[in-house]
Amino acid sequence: MSHTASSCQELVENCAVHVAGMAQEDSRRGQVPSSFYHGANQELDLSTKVYKRESGSPYSVLVDTKMSKPHLHETEEQPYFRETRAVSDVHAVKEDRENSDDTEEEEEEVSYKREQIIVEVNLNNQTLNVSKGEKGVSSQSKETPVLKTSSEEEEEESEEEATDDSNDYGENEKQKKKEKIVEKVSVTQRRTRRAASVAAATTSPTPRTTRGRRKSVEPPKRKKRATKEPKAPVQKAKCEEKETLTCEKCPRVFNTRWYLEKHMNVTHRRMQICDKCGKKFVLESELSLHQQTDCEKNIQCVSCNKSFKKLWSLHEHIKIVHGYAEKKFSCEICEKKFYTMAHVRKHMVAHTKDMPFTCETCGKSFKRSMSLKVHSLQHSGEKPFRCENCDERFQYKYQLRSHMSIHIGHKQFMCQWCGKDFNMKQYFDEHMKTHTGEKPFICEICGKSFTSRPNMKRHRRTHTGEKPYPCDVCGQRFRFSNMLKAHKEKCFRVTSPVNVPPAVQIPLTTSPATPVPSVVNTATTPTPPINMNPVSTLPPRPIPHPFSHLHIHPHPHHPHHLPIPPVPHLPPPPALFKSEPLNHRGQSEDNFLRHLAEKNSSAQHH
């Protein structure tokens with residue numbers, strides 16, 4: 001110990017001489033203090049300190065290099081210690097100071113512990129631990145002195161005692177100390193990095209916007225995602241619950257209960273529901289009208305007693321049929337006018353050549369599905385239209401309409417000018433044009449005008465020579481349907497068996513002894529004149545067939561003409577409807593057939 005004390009005194013004297021020379025050179029600094037021994041607690045910022053422990057009580061030897069530095073705050077007072085070495089080490093230090101390289105290394109070792117400090121701070125900016133650090137790790141560590149904890153001081157004391165007891169292991173101890181220091185430095189580096197990242201996050205200046213509001217460092221999206229992620233299953237469950245909110249009175253589904261309640265208040269509580277059929281109405285008047293009709297098709301027109309199922313159908317009927325509406329919509333092809341656009345679309349099918357609806361029984365094609373449906377009634381024999389007054393059934397609707405005129409007393413459509421009534425609106429419209437003189441349909445070939453389109457088409461066949469009506473018996477074709485009908489009657493009488501009743505036989509003057517066939521007798525013997533007036537030749541009912549008076553006797557101008565045998569007395573064909581004894585021309589059927597007979601007879605004379 002005496003050797004170490006003497007070496008320390010010599011070292012102190014050398015340092016004091018050096019310091020005194022520096023003080024004399026610097027004229028701006030104050031006087032050098034007389035004594036260099038001070039207490040352990042100093043308020044000055046000391047650059048170098050050398051401590052030595054004697055008899056367990058440390059004392060300090062002060063070497064002043066900064067005499068005029070201001071005093072520091074009391075909170076920054078920290079004791080600094082230096083490790084003691086063996087006598088041999090002290091002499092080595094003296095020799096090394098003569099060399100500049102050794103002195104620089106020594107100064108770095110001395111300033112190593114003085115300039116480095118690591119402060120561990122948590123997220124709340126609270127100090128957790130203070131430890132050593134590397135040189136130049138952070139700007140704060142350069143300015144603050146090194147703080148040592150009590151545990152580190154105890155370790156150093158134990159190390160100094162160990163070095164005093166054994167000088168042989170001095171070099172080994174240095175290496176171990178260096179290794180420990182390296183380990184501590186590595187640990188402190190990690191801690192400083194963590195503390196620096198936390199401090200940067202907490203103490204970094206927040207950016208400002210143009211309005212001076214601070215922006216948060218962490219983006220708000222991350223916070224929202226972090227909060228939404230755990231709530232995702234909960235939200236899905238809520239959505240599933242919302243989707244199950246169904247209305248009890250209708251199959252509608254709602255997302256929230258608010259929408260369901262609103263739907264109940266608006267739709268079901270305010271709607272008027274029929275007790276019989278459950279149909280809903282917005283107005284009470286509509287419900288009362290519906291109940292008066294007993295939920296059936298009984299909404300009748302006051303003018304024509306036509307029944308409808310819906311109220312808007314009745315309004316449309318009143319506008320169209322009874323003259324309250326105008327035909328504002330016209331066809332682009334034929335310029336035909338209609339009351340509604342729906343009627344125009346339905347009419348456009350007539351201009352197309354496609355017939356997609358085909359009858360499975362006979363193969364006939366139609367343009368409209370309704371036409372096929374009506375046609376199929378011919379094969380099935382079904383009569384879906386029933387009269388409510390007499391329970392008579394009909395195959396077509398227009399037949400029922402014609403039949404209803406018997407119960408009503410007049411037909412549905414009546415002319416206000418002449419009082420003539422019609423069962424179908426088509427015939428009524430054609431009749432009204434006779435009063436107005438309107439003939440909108442003009443023949444493209446000759447320019448003749450007609451009141452209806454069917455009449456114009458019928459007239460056009462005279463120019464084109466078209467004969468669309470073939471006979472099923474002989475295959476002959478005709479231009480008009482009435483001509484085909486007359487031809488069928490003629491063919492039927494030619495092919496029928498000859499069974500002439502005695503009431504219809506015409507007496508012929510022949511010799512009783514020699515009976516001769518009527519074919520020969522008609523050519524040689526004179527016959528009484530026959531009145532060709534068809535009215536006088538027809539006996540009372542049962543009326544013979546209208547064509548029975550034709551070709552009974554040949555004319556004298558045609559001697560080679562063979563007479564046709566008489567035809568049996570057949571009843572006339574029944575009328576199409578009981579309530580419609582008139583044909584399409586408005587004449588009696590018998591008169592019409594007689595007119596045809598006269599026409600044919602006159603043609604034969606010529």
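Backbone N, Cα and C atoms are what each Cβ position is placed from, and that goes for glycine too.
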Residue from Ser204, Ser511 to which Swiss-Prot assigns phosphoserine: Ser204
Of the residues Ser197, Ser330, the one that Swiss-Prot lists under phosphoserine: Ser197
Of 19-41, 42-64, 272-294, the range Swiss-Prot labels zinc finger: 272-294
Same-chain residue ranges lying at least 6 outside the zinc finger (329-351) that approach it to Cβ under 8 Å: 316, 319-320, 367-368
Which of 357-379, 385-407, 413-435, 441-463 contacts the zinc finger (469-492) most, counting Cβ pairs under 8 Å: 441-463
DSSP three-state assignment for Ser197 (phosphoserine): helix
CB contacts for Ser197 (phosphoserine) [other CB atoms within 10 A, all chains]: 10
